[in-house]
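Visitor: Got a structure for you, questions after.
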């Protein structure tokens with residue numbers, strides 16, 4: 001009994017086999033990555049017309065353009081006034097850029113593109129519709145006798161549109177007129193759908209794709225003699241039943257069964273060995289003979305050998321029986337391998353003409369069962385028979401094999417001795433050329449051993465003939481015969497010597513060792529901030545962790561370490577480039593630092609006064625406290641000293657303190673601000689980024705914005721003032737990596753400061769002509785009573801708000817501020833910026849009679865005086881006041897009362 005076996009256990013490969021008992025007679029294999037393209041319908045565009053070939057090249061959406069000959073162009077594309085009797089040039093039929101509907105008639109092979117046709121054919125279960133071929137109708141040649149006569153009568157009853165034709169397939173034999181009409185209606189509807197899709201889009205694109213292997217198997221292979229269809233996959237079983245019903249073959253639904261045996265389906269029917277024979281060059285015959293199958297670009301050659309065959313009584317009978325046995329196996333191998341094109345068979349010599357005719361008749365008889373069209377010739381006087389077979393799809397070898405990289409498809413390679421002598425002659429030829437400095441030959445190890453041992457004298461003679469030239473032979477383990485490389489180096493070219501494989505290995509090991517050591521040096525131990533738990537005792541724990549960090553590391557290396565914590569490569573690159581830009585624009589060279597910065601001093605960023613004193617709260621003593629627990633022990637930070645753009649607002653850095661000033665001199669840790677409250681509002685703020693610095697300190701990266709400052713320009717000069725006290729605002733501000741990202745959102749706390757009556761009285765006695773800056777960005781002169789009254793009113797309102805809101809009395813958080821990248825920076829010392837009365841007289845001693853705007857002498861900057869401790873970046877106001885002698889305009893300073901802190 002004949003069966004159809006479908007193996008679908010492996011999703012990468014689907015196999016369909018037709019067996020007669022346990023003999024395999026047809027096979028179809030489809031791989032997941034190489035679906036069949038034949039019979040696919042595309043809308044293509046003419047890219048080039050070649051009159052010499054009478055053909056056109058069509059772009060249909062694949063890598064290689066398709067080949068469309070003139071004979072495969074339908075008359076629908078011909079001009080209306082053409083005459084059939086006259087010859088037509090393809091240039092008069094098609095034009096470049098014209099869109100056509102084409103179907104693939106032959107698959108791509110090697111470097112050749114697919115063969116195309118405009119004569120579309122739509123295959124169904126019982127018939128094939130050809131919508132633009134009016135003269136191609138007929139009945140399958142396999143249908144004979146009464147069935148053929150009956151089908152001719154049924155063809156006249158089918159209603160077919162004009163300029164269309166159809167072919168009744170072998171499966172249509174014995175079918176009723178209703179079945180044929182149903183199949184025809186499906187094909188007509190399919191053609192209408194193709195035309196609608198083709199008009200909807202421009203070329204190139206795929207219109208219709210040929211069905212998968214299961215649908216093709218049911219459509220092409222199902223015949224009445226198939227008694228059973230076995231499938232070893234339940235999912236494919238359900239799919240097969242749906243397809244077979246849709247194809248109009250309900251008589252086969254009950255024949256579909258699920259195979260659930262423990263032994264694989266193909267192994268159970270013992271056909272795996274027969275399938276493997278389709279991949280081999282040599283196929284054994286039952287009598288002991290063999291056939292050899294060799295495929296080339298031009299044709300497929302099949303040779304028959306008797307070998308140890310003893311099937312006959314004499315030589316003639318043995319040759320005849322072996323050839324007769326080979327004919328059956330050849331026809332089977334042609335179907336299994338799906339070989340197409342020209343095929344030449346070399347039979348064993350037979351002197352009897354009757355034997356030759358018997359072989360030809362047997363081959364024609366077997367070919368009738370083949371789906372492909374086959375044309376068979378006669379055995380020539382040389383014992384060769386020529387035949388051609390229709391190429392239905394890519395052969396099994398083309399879809400499953402690849403060219404051998406060593407022999408490049410020839411099947412043989414040159415022996416070592418012959419190859420060595422050929423390389424030696426090539427070296428000698430290259431050495432004889434003029435201006436040759438060196439000839440290098442990279443060869444396999446076997447060839448190198450032969451040349452350096454057996455042909456040592458010949459190589460030495462070539463070097464002598466070079467007159468100072470060199471001949472270098474390098475063995476390569478990676479290279480196998482017959483591959484080699486011979487190159488010629490001229491005297492003017494670079495002379496980088498080719499090294500042996502061992503040297504390359506050593507060099508790679510050395511470089512990898514050095515890279516590891518460099519990485520170890522660069523990637524020092526970094527404190528993981530994510531593992532910290534900030535609670536009441538967090539400050540002590542942070543101090544303990546700081547002791548394990550290496551000290552005095554460069555700021556650039558610190559940034560690299562922070563970046564190395566992030567595993568995202570893209571984030572690293574973006575942050576690195578932006579941070580480099582930040583350092584380049586913010587940190588200046590040591591030369592500029594020496595000119596404009598006092599030695600042995602630490603600088604902080606200064607912000608001007610926000611509120612004035614209130615008479616009602618004279619006895620209260622509150623100070624602004626933000627960064628009371630952390631300090632930055634940075635000395636001589638170089639910052640770029642240039643005129644900064646302050647068109648929008650002044651953004652200041654401040655509160656970088658020494659630890660000694662925090663713990664000893666400055667009374668920053670007050671009863672008003674508790675440590676837990678500070679940690680809650682600052683440390684646990686998710687907008688603040690904590691960075692652990694190896695210089696034994698920790699600081700926050702925050703930027704503050706003030707709306708109090710009036711738009712001003714800075715000058716490239718610094719002045720020295722004595723140490724005096726004054727009520728000021730200290731905002732938490734530290735460098736941030738997030739500055740490199742362009743924008744930062746920050747929260748920062750503030751508190752209020754009031755001084756005593758005694759301090760107010762001392763402030764009123766100050767001689768310096770100074771003025772105050774209000775919240776509305778206006779400068780208020782001390783004689784402007786209305787302005788001072790307005791400031792006091794605003795201050796009183798603010799004090800009243802804080803007093804009513806007890807929770808906000810200690811710490812008041814400002815709103816979130818969006819921080820852009822370009823900002824203004826000023827540097828000042830972070831000590832109490834206040835004036836003493838005694839310092840005013842000393843300042844007058846150092847003042848000249850003529851006003852100056854810049855200190856030009858470096859010696860003045862290097863003077864050491866006990867009373868001078870600060871660097872001040874002066875800000876020039878748009879309102880011009882009377883300049884004091886020896887300094888900038890004093891209108892840039894606060895007019896608020898100043899006094900000494902107790």
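Placed from the backbone N, Cα and C atoms, the Cβ positions cover glycine too.
Per Swiss-Prot, the feature domain 'S1 motif' maps to 39-119. If you look up Swiss-Prot, you'll see 303, 346 marked as Mg(2+) binding site. According to Swiss-Prot, the Zn(2+) binding site annotation covers 404, 407, on the basis of sequence analysis. Residues or ranges marked as region 'Required for zinc-mediated homotetramerization and catalytic activity' by Swiss-Prot: 404-407. Marked as region 'Disordered' by Swiss-Prot: 881-902. Feature annotation from Swiss-Prot assigns compositional bias 'Polar residues' to 889-902.
Each of these features: where is it, how hidden is it, and who are its neighbours?
Guide: Counted within 10 Å of its Cβ, the other Cβ atoms near residue 303 (Mg(2+) binding site) come to 16, all protein chains included. In the three-state DSSP reading, residue 303 (Mg(2+) binding site) counts as strand.
Within the same chain, residues at least 6 positions away in sequence whose Cβ sits under 8 Å from that of residue 407 (Zn(2+) binding site) are 413.
For the region 'Required for zinc-mediated homotetramerization and catalytic activity' (404-407), same-chain residues at least 6 beyond its ends with a Cβ under 8 Å from one of its own Cβ atoms are 413, 480-483.
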Visitor: In whole Å, how far is residue 404 (Zn(2+) binding site) from residue 303 (Mg(2+) binding site) when you measure between their Cα atoms?
Guide: 23
Visitor: Helix, strand or coil by DSSP: which one applies to residue 404 (Zn(2+) binding site)?
Guide: coil
Visitor: Measuring Cα to Cα, tell me the gap between residue 404 (Zn(2+) binding site) and residue 346 (Mg(2+) binding site) in whole angstrom.
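Guide: Here the two Cα atoms lie 26 Å apart.
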Visitor: Find, among the binding-site residues listed as 346, 404, the one whose Cβ has the highest number of other Cβ atoms within 10 Å in the structure shown.
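Guide: Result for the most crowded candidate: 346.
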Visitor: Tally of helix, strand and coil residues over the domain 'S1 motif' (39-119) according to DSSP?
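Guide: Helix, strand, coil within the domain 'S1 motif' (39-119): 10 helix, 32 strand, 39 coil.
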